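Student: Take a look at what TrEMBL says about it:
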DOMAIN    98-272  domain 'Mur ligase central'
BINDING   S127, E198, H226  Mg(2+) binding site
BINDING   R361, D375  ATP binding site
REGION    477-496  region 'Disordered'
Amino acid sequence: MSRARCHALFLAAVSPRGATTRVAVRRGLSAWPVLQEPDMEYQDAVRTLNTLQTNANYLEMVKRKRGDPQTQLEAMKLYLARSGLQVEDLDQLNIIHITGTKGKGSTCAFTERILRSYGLKTGFFSSPHLVQVRERIRINGQPISSELFTKHFWRLYHRLEETKDDSSCVSMPGYFRFLTLMAFHVFLQEKVDLAVLEVGIGGAYDCTNIIRKPVVCGITSLGIDHTGLLGDTMEKIAWQKGGIFKSGVPAFTVLQPDEPLAVLRDRAQQISCPLYLCPPLQALEEGGPPLTLGLEGEHQWSNAALALQVARCWLQQKGYQDAGELKASRPSLPGQLPLAPVFQPTPRMQQGLRHTEWPGRTQLLRRGPLTWYLDGAHPPSSMQACVRWFRQALHRCERPDSGSEVRVLLFNSTGDRDSAALLKLLQPCQFDYAIFCPNLAEMASTDNADQQNFTVTLDQVLLRCLAHQQHWSRLHEEQVSPDPWSTPGQEQDGPASLLLAPHPPHTHSASSLVFSCISHALQWITQGRDPLFQPPSPPRGLLAHPVADSGAMVLQEAAAIHVLVTGSLHLVGGVLKLLEPSLSQ
């Protein structure tokens, strides 16, 4: 099949009003926002926070001339001091520090929920946010209120402004550093019993790593991601992740490939950190009731196993008796990491696992004929797990008595990630349509500061979406015209039990569309059939294309529409903002 027959196109508003909007958005993305006088309103606080984002040109310069990472960590300590705190003050927070490539946020969410089930007041710092930036700082599992965010933001911002040194090249911390500082202040003022910190990127030089004495650390599954910052091998990435180890502080890791596991072991020995390997969750289930997780997907089992070990270690160090009865100790093999204890999860631990919520990760929304599958997978290993979850969920769903089923992919990928590799992993899902769009909820996003991003330009994100589309078209061509000398084999991502039931292709199979924003993409996908998503009338010309028009008829008549949204947590956040308006309140 030629690319012409794949009907790839770029869809955007073509009305005069739409053209004006596009120009406004282009300017908004590539220029600094106009600062307003602080009136203690939440949106004003977020707009000012956004000025701490690094613009796209400066990011490129930093990549070419990156300074000493250790110097960057020392700079974070200076920012902390300017904010009115010393590193020693953070010892009061009883911190749990979690890093990794895949499953950091889910592991933190499990850990926080388990310990909250013990009646503890919890703080939780994570990134990125999905809909509102205040989601990054949580008390007892809930994002802090707009009022609390606003109060702490202006207090910290003015304190840093007052202590600026005009001779310094960087007088204010960047976006993520500022929020890290703010989280420390919020947790201390709220007098939390513990704080769960998710590392941003890396570990050794991440700004959260200024803490001296965490209670316990955890390492989730490692993989190749953020290679420009962390290195291009698993060993280099493991070295970075192991940088959160502290002398005498217990740490736990899930099972890793041999090479990065050896790096973690050596790193722990150099730092005098006791590091333990988590047994699988099934070992903790033996002889007890089956464990139920609040998050779907097989990959969540290793995250839950790590969370249980981390939570139990924290409880034991704080003198809690009800921390799980030891079942057995398993001897470690020579030269390998010691195994963490196998214990019986307590009823409160089981309750925590069962009630864990973490939006945007293996999340299902059923709305009339549409089922939304939301997972912000972005590294290749996470995408493989996402594909397994999606296909298993399709197997479990009820089939319509009559009528067709349509599968739609809504995808975007950002940064230096290999989108072609990610899209190839998605091919076995047999999508009828592949939709690509930037992480812009709407073309005119200036009214919602939480969704603004000044680290990229509009030209960059649209060109990247067109590149995604080209990758998808090439992959489809290779699929329909395989190498005649190749040997057929089993699919790469799982056993035959995971294969989808035969899905007869429609005449529009492998059609791909590019929309200028998430709202336009959802308008086309839903065709007015999502009972809660009621957007304004689409701009004139939005559907003025043969494939968009014929596809609309298919979607209008389908008995079931399955939509997988993946590739970027920011994309998932934009979709949730539109599908669940209550999240913006």
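Using the three backbone atoms N, Cα and C, a Cβ is placed for every residue, glycine included.
Caution: TrEMBL annotation is automatic and unverified by curators.
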Student: If one looks at the chain holding R361 (ATP binding site), which residues at least 6 apart in sequence have a CB under 8 angstroms from its CB?
Tutor: G105, S106, L295, L374, D375, G376
Student: Return the count of C-beta atoms lying within 10 angstroms of the C-beta of E198 (Mg(2+) binding site), excluding that atom itself.
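Tutor: Taking all protein chains shown, E198 (Mg(2+) binding site) has 24 Cβ neighbours within 10 Å.
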Student: Near S127 (Mg(2+) binding site), which residues of its own chain have a C-beta under 8 A away, given they sit six or more steps off in sequence?
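Tutor: Non-local contacts for S127 (Mg(2+) binding site): R136, F176, L179, E198, G200.
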Student: Would you mind checking how many other C-beta atoms are within 10 angstroms of the C-beta on D375 (ATP binding site)?
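Tutor: D375 (ATP binding site): 25 neighbouring Cβ atoms within 10 Å.
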